[in-house]
Amino acid sequence: MNTAKKSHAAHRATQRKTSAAPPNVDPHAPWLVVGLGNPGPQYENTRHNVGYLVIDEVASRHIPTPTFSAHKRTNANIAETILSIGGENKKTILAKPRTYMNESGGPVKALAAFFKVPAQHIIVVHDELELDPGRVTSRLGGGDKGHNGLKSISKAIGTKDYQRINCGIGRPPGRMAPASYVLKPFPKTQAADVAIMCADAADAIERLMAD
């Protein structure tokens, strides 16, 4: 990645706004923001767990003392809160599935059903190999680009029409297998850039909810 200052400017220039939710969606319906990752200390701060890091960033902005509790009926750790965005208070569930990445669909489906969240109010944050490191984009619907977490969610909830926040981690160097690359921690030298990427992703989430 570039320096933090250059990276921040690049992120701002490359973020993309998704389409607004269809008019038939209840604007007062709750929002479900899901950060994808793998559970367990061995996966902390790995590239595949950037979704967890972004959820922590959102929580730190809006909850004085962020606490995630196990929601036994959905197999996820969640924090319920009211986010004040765009002059409105929005009921929001911040979630980290406690399943492995390729089984993320089960918790997302259960959370959406339990809290009565329409698909268009589901925001999924995930790592993206096809984006340069640090770049953040957003989109509504589309393919999974080989991401097993997205594939699981689309199958479980029966639609691809949910919001995605894509956090760029870049391609692996040399002949390193992508499966190995995504499970490696971010280098400590990139800590500042990762923090900026998480902040930009949190900004993108807030913009989606404000539309």
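Here the Cβ of each residue, glycine as well, is placed from N, Cα and C on the backbone.
The region 'Disordered' annotation in TrEMBL covers 1-26.
As annotated by TrEMBL, compositional bias 'Basic residues' applies to 1-15.
What TrEMBL lists as site 'Discriminates between blocked and unblocked aminoacyl-tRNA' is N38. Annotation for N38 (site 'Discriminates between blocked and unblocked aminoacyl-tRNA'): same-chain Cβ neighbours under 8 Å, separated by at least 6 residues, are T46, H48, N49, Y100, M101, L183.
According to TrEMBL, the feature tRNA binding site maps to Y43, Y100, N102, N148. Y43 (tRNA binding site) has a Cβ environment of 17 other Cβ atoms inside 10 Å. Annotation note: Y43 (tRNA binding site) sits in a helical segment as assigned by DSSP.
In the three-state DSSP assignment, the secondary structure recorded for H48 (active site, proton acceptor) is helix. Taking all protein chains in view, 23 other C-beta atoms sit within 10 angstroms of the C-beta of H48 (active site, proton acceptor). Sequence annotations record features per position, and here TrEMBL assigns active site, proton acceptor to H48.
D127 (site 'Stabilizes the basic form of H active site to accept a proton') has a Cβ environment of 23 other Cβ atoms inside 10 Å. TrEMBL lists D127 with the feature site 'Stabilizes the basic form of H active site to accept a proton'.
Sequence-distant contacts of N102 (tRNA binding site), defined as residues of its own chain at least six apart whose C-beta falls under 8 angstroms from its C-beta, comprise N148, G149, K151, S152. Those same-chain residues not listed among Y43, Y100, N102, N148 yet with C-beta within 8 angstroms of the centroid of the tRNA site C-beta atoms are N38, H48, T99, M101, E103, S104, G149. In the three-state DSSP classification, N148 (tRNA binding site) falls within a helix.
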